Amino acid sequence: MEERMPRNADHQPPHTDDDRTEAKASGGRPPQTICGDLDMRIARDGTWFYHGSPIGRKELVRLFSTVLKREEDGTYWLETPVEKGRVEVEDAPFLAVEMEAEGDGRNRSLRFRTNVDDWVTLDDEHPLRVEHDPETGEPSPYIHVRKGLEARLNRAVYYELVEHGVEEDAGDGKGVHYGVWSNGTFFPMGTLTEAD
């Protein structure tokens, strides 16, 4: 009688020892395939493009945003447990499109909604940073969303944020700063001369 090898239920060849070793090292997951450039781009205005065409379905953009990662070298990737592909990001991957404020003074809490409907509270874990264009002085404000990913505040949201601004002597020898309080932390947006 001929001895038969059992068949895999999905008719795939059995895993090799190398596959098993790699799966153990990655917590039991299969090896991740690097797909390279996906021909996907996130424009400065928050629009996602695939092969040069805008992705019109907000639900699809939202899904992609949940698997977006940023590497230490500054590159952006869509990453699932089994695949990883590079995405071009012109500025920040997200845009803050709405702001809510609760409370007053140092007890104020500021929250921002992104273009993919995530809400982020301005606090120590989600700080604000403001870059100023060296030629024009134009501010570009950003809030940290998660794991190196940021949202740039759109112009209307930034102007609303400025309305909540106060002057503070930061004690850093650089004079008076203009900024906002949120969740007990002062976030400078510039020196008083820059804010004028």
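Each residue, glycine too, has its Cβ placed from N, Cα and C.
TrEMBL entries are annotated by machine, without manual review.
What you see is a predicted model, and the numbers here were worked out from it, not measured in a lab.
Here TrEMBL flags 1-23 as compositional bias 'Basic and acidic residues'.
The domain 'DUF1285' annotation in TrEMBL covers 34-92 (among others).
Sequence annotations record features per position, and here TrEMBL assigns domain 'DUF1285' to 93-189 (among others).
The region 'Disordered' annotation in TrEMBL covers 1-34.
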When the domain 'DUF1285' (34-92) is classified with DSSP, how many of its residues are helical, how many are strand and how many are coil? 9 helix, 28 strand, 22 coil
Quick one: mean pLDDT on the domain 'DUF1285' (34-92)? 94
